[in-house]
Amino acid sequence: MLRFVTAREIGSILPSYLVKVETTRRIFSVELSTHFDVQKIHDAAINSLDIDLVEDRYLLSGAGNGTIVIHDLHNITGLPHCTYPEVCHVGRGNRNRHKYSVETVQWYPLDTGMFVSSGMDKLLKVWDTNTMRTADEFEFSAGIYTHHMSSTATQHCLVAVATGSSKVKLLDLKSGSATHTLRGHRQTVFSAMWSTRDEFILATGSRDSKVMLWDVRCAKGAMMVLDQHNGDTSAGSNSVNTAHSGHVNGVCFTPDGLHVVTFGTDHTLRIWSTATGQNTMVNFGRVTNESKRSVKMTISGGSKPQLVFVPSVSDILIYDLVSGTKVSTLRGHYNQVNCCTFHRAYHDLYSCGNDRNILIWKPLLDTTLAYDEFLHNGSKSKEDRTNSFVRRIGTADSWSSDED
Amino acid sequence: MSRKRTLPDVYRSRKRVCATPANHSSQEALNTNGVDWNDGESSNHIDNSIVPNDTSCALAYLKNLFPVEKFEGRLPPIILQHQLYAIVSNRTLVDQQLMELRNCGKIKLFKLGSEASEFCVLYADDYKSHVRKFIQNMSLNQAVIEKFLTSVVDQCQDISLSKHKLMTELKFKDEEVTQLVKACVLTVRDVGSWWMAFPGAGIFMKSFIRGRKAVLMMIRKCKYKEIIREELKSRKLPRIARLGMEYHIHDLIGADLVECVPTTSGMLLRLQE
């Protein structure tokens with residue numbers, strides 16, 4: 001890396017190249033962090049996580065008993081170990097809490113003063129973070145599996161709601177009512193996500209094995225129905241084209257919005273081009289999918305090649321988006337993993353599951369290794385420790401090992 | 001969990017074996033804001049038409065494995081797509097090369113049955129000769145089949161056909177479509193759409209499923225549910241499974257039904273739960 005820093009100094013490489021390279025190295029070395037933890041508040045299976053986009057500071061989590069907790073992820077002590085504290089939560093005593101499980105939580109993209117949660121009690125609630133009370137509530141005809149607000153939208157303030165009925169509803173937060181109903185799916189819609197590139201493109205995945213791309217400005221219906229065989233796309237064949245051979249659990253756009261990744265119960269992961277709707281035919285092998293609800297995947301944008309983090313049974317699998325090879329398996333959870341979310345700045349992965357844990361996966365840095373060694377040396381006798389301490393003062397370097 | 005994961009070669013810390021031309025190109029790549037694009041350049045100089053790619057070689061090998069004589073000429077050599085994954089390790093490469101071969105018109109892909117996504121590969125020439133042989137035995141309108149073979153099979157590379165395409169674009173009439181279904185070249189998929197198919201698929205599937213079940217049963221009966229590949233090859237399959245042990249082993253490995261573990265006594269096949 002120092003070679004790259006020198007090269008950047010003399011101008012032989014662009015600064016963004018160094019950023020990309022170092023980010024890639026960090027993201028590829030992600031592993032379970034033993035020094036960082038999240039304060040344990042949840043006592044039920046955690047279904048969804050979200051990190052705010054404004055400061056990348058607050059972690060919002062929703063659980064199976066209707067509770068919602070917010071943790072503060074800023075480590076201001078400077079120590080190499082920390083337990084992220086809870087800021088506030090919607091507990092069992094809160095009058096406005098969800099009666100059944102919370103399936104999805106999401107921060108309002110522009111401000112942490114508001115967040116939206118939805119769950120199996122058929123309600124979508126808009127919360128005021130400062131008072132922890134609901135500002136607004138919307139009722140639907142069936143349980144809500146996912147909802148999503150576009151992070152790049154400037155012209156609209158729509159929330160796409162994927163419900164147990166086959167309709168996808170668009171809610172306008174400014175006017176406070178449902179503006180559109182997107183008809184096209186025939187069974188439960190499990191997941192929905194707005195495009196990260198176009199604020200009017202929405203992708204939905206449903207139990208009827210179809211993935212549809214919608215342009216919400218268009219009144220006619222789905223813009224595209226994705227076909228796994230890449231057959232001809234005439235009007236008649238749209239009704240039979242399936243994206244997977246099983247239910248479509250998870251839909252995720254890549255950060256550049258050019259591709260969409262879908263995950264199905266036929267144990268396959270597929271990447272589609274958003275512009276043409278073609279299956280890129282990247283083969284990931286068998287990615288076990290035992291989830292009966294929506295699965296929330298995440299894609300790291302900073303690395304080249306981009307990596308997709310897929311929760312699969314009780315592990316998180318990391319795949320290379322371009323070649324389809326498995327980079328690694330992250331084992332740590334005791335039960336099914338429901339959601340994983342990526343921290344853009346620190347390149348950490350936060351995951352939650354049915355085992356009531358939120359686990360943090362951090363890049364393996366030299367400081368972590370040095371701290372591990374420091375702790376290990378700390379278990380020796382007192383004289384050794386003082387000797388090593390004195391020697392360390394002499395060398396004025398508190399991270400180097402005294403053994404080599 | 002190993003701490004070392006194969007990073008993409010971003011740091012280029014390994015020295016290149018090739019001479020200076022590669023170095024110059026990699027310097028250029030450093031200046032362009034991206035990863036080295038020139039990695040695969042040397043392979044482009046090989047004339048692709050002469051040297052067959054990995055997938056074609058694997059296809060030819062598997063075609064040889066298929067016991068045509070055991071079916072008394074009722075079946076052409078059928079290869080399953082996932083058998084290729086057992087031979088060529090990079091699955092995406094196999095998929096892409098299969099796509100290329102399909103677009104050239106050398107092979108055809110068919111979807112077998114309603115279970116998940118089992119695709120079988122047939123060489124285009126084998127398919128056409130098989131269909132022609134089949135219709136000679138039955139009293140069907142040969143002209144329709146010939147029209148189908150020339151217009152659809154040669155030009156259209158899709159797995160399924162919709163009513164719109166058949167009737168309006170290719171000008172097939174309703175009775176002609178019925179004839180095609182009778183000739184087993186088309187199978188009903190949904191109200192207005194059909195899968196492409198080949199006659200005799202049922203015979204193949206019966207043998208194949210029975211054989212697969214028999215091999216899996218053999219492995220399941222072993223202690224620890226694992227067996228060395230050579231030992232499995234030496235075991236005899238029951239009479240109903242006519243496809244041969246090698247064929248089934250490739251199928252099991254490619255479909256991820258068994259896990260391959262390299263050991264000092266050879267490749268170990270362990271049953272996956």
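Here, residue 1 is simply the first one shown, and the rest follow in order.
Using N, Cα and C of the backbone, Cβ positions are placed for all residues, glycine too.
Annotated in TrEMBL:
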- A:95-137: repeat 'WD' (REPEAT)
- A:182-217: repeat 'WD' (REPEAT)
- A:241-282: repeat 'WD' (REPEAT)
- A:330-362: repeat 'WD' (REPEAT)
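If one looks beyond the repeat 'WD' (A:182-217) by at least 6 residues along the same chain, the residues whose Cβ comes under 8 Å of a Cβ in the stretch are 142, 145-156, 158, 160-170, 223-226, 241-258, 260, 262, 264, 272, 274, 277, 293-296. Residue counts for the repeat 'WD' (A:95-137) under DSSP, helix first, then strand, then coil, are 0 helix, 23 strand, 20 coil. The repeat 'WD' (A:241-282) scores a mean pLDDT of 92 in the predicted structure.
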